[in-house]
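**Q** Questions regarding the structure given below will be posed in turn.
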Amino acid sequence: MIIDGKLIAAKVRGEVAEAVRALKASGVAPGLSVVRVGDDPASAIYVRGKRKDCEEVGIRSDEHHLPATVSQADLLALVARLNADPTVHGILVQLPLPKHLDERAVLDAIDPRKDSDGFHPFNVGALSIGIPGTPRPCTPAGVMRLLDEARVDPKGKRAIVVGRSNIVGKPMAAMLLERHATVTIAHSRTQDLAGEVARADIVVAAIGKAELIRGEWIREGAVVIDVGMNRLDDGRLVGDVEYAAAARRASAITPVPGGVGPMTRAMLLVNTIELARSGAR
């Protein structure tokens, strides 16, 4: 089975649009502020996509575009203003930032109650100890929704997360553990990656290396979620998993593109309306 992230993301957007209508009927107009620094073309494309998603579901979205030379103090001042603005329910700082800026300090400055990305240390800590009702990082949250839609229950299953980034790998492992999977985290120094993958019922690949996970490593009937997005020299986009060979062994697999990517954007909308609900209480 191919797990269609585009189709599931459209379903999520429909749910969000319904929730937005209910919030507006109660006098709350959800608002997301996006901060973009510099003129990185990829960042500009991502921000345009997020704005389009917000328009589709009825969330007010505004972009604060700052020059690449902006100072740390001026960027933090903008974040402080957005924190204090009652019409802003979610704040997202588009990464990466220019090298002269302290990315961690900027993310830490966002009010955790407005943290649409789920990257604030408070929210990361809440996830790790199981505090409900806090925003979850969008990509891992999207992966969990894909598993749910594919009727894959992680409970009791062996899951491997290949990659240990703060954005995907670590929170992904925490969410699978929360759902009672037995979780292994693999990374660049894992000794026998093929053997670890071969033991897993659920494989989440998020290491950022094109087709690192070979198809023959996949256990028969395993579920494969490919978070990777890598452009080859010939222009093709591929994931971290050797797709065609893995698909012959997996019971369910996400394509690249069209798998996890659309879900990341959809879960940003989910986080934003949940923050708006919390702010209205």
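Don't overthink the numbers, they just go from 1 along the chain as shown.
Glycine residues also receive a Cβ, built from the backbone N, Cα and C atoms like all the rest.
From Swiss-Prot, for reference:
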- G163, R164, S165, S188: NADP(+) binding site (BINDING)
**Q** Near R164 (NADP(+) binding site), how many other Cβ atoms are within 10 Å of its Cβ?
**A** 18
**Q** Among residues G163, R164, S165, S188 annotated as binding NADP(+), what is the maximum Cα-Cα distance? Answer in Å.
**A** 11
**Q** Neighbour count, 10 Å Cβ-Cβ cut-off, for G163 (NADP(+) binding site): what number do you get?
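**A** Its Cβ shell of radius 10 Å holds 24 other Cβ atoms.
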**Q** I'd like the number of other C-beta atoms within 10 A of the C-beta of S188 (NADP(+) binding site), please.
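**A** Step by step: centre on the Cβ of S188 (NADP(+) binding site), count other Cβ atoms within 10 Å, giving 11.
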**Q** Please list residues from the chain of S165 (NADP(+) binding site) whose Cβ is under 8 angstroms from its Cβ, counting only those at least six apart in sequence.
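**A** Long-range Cβ contacts: A206.
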**Q** For the recorded NADP(+) site, whose residues are G163, R164, S165, S188, find every other residue on that chain with a C-beta no more than 8 angstroms from the centre of their C-beta atoms, and list them by sequence position.
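**A** After dropping the recorded site residues, what remains is V162, G169, I185, H187, A206, I207, G208.
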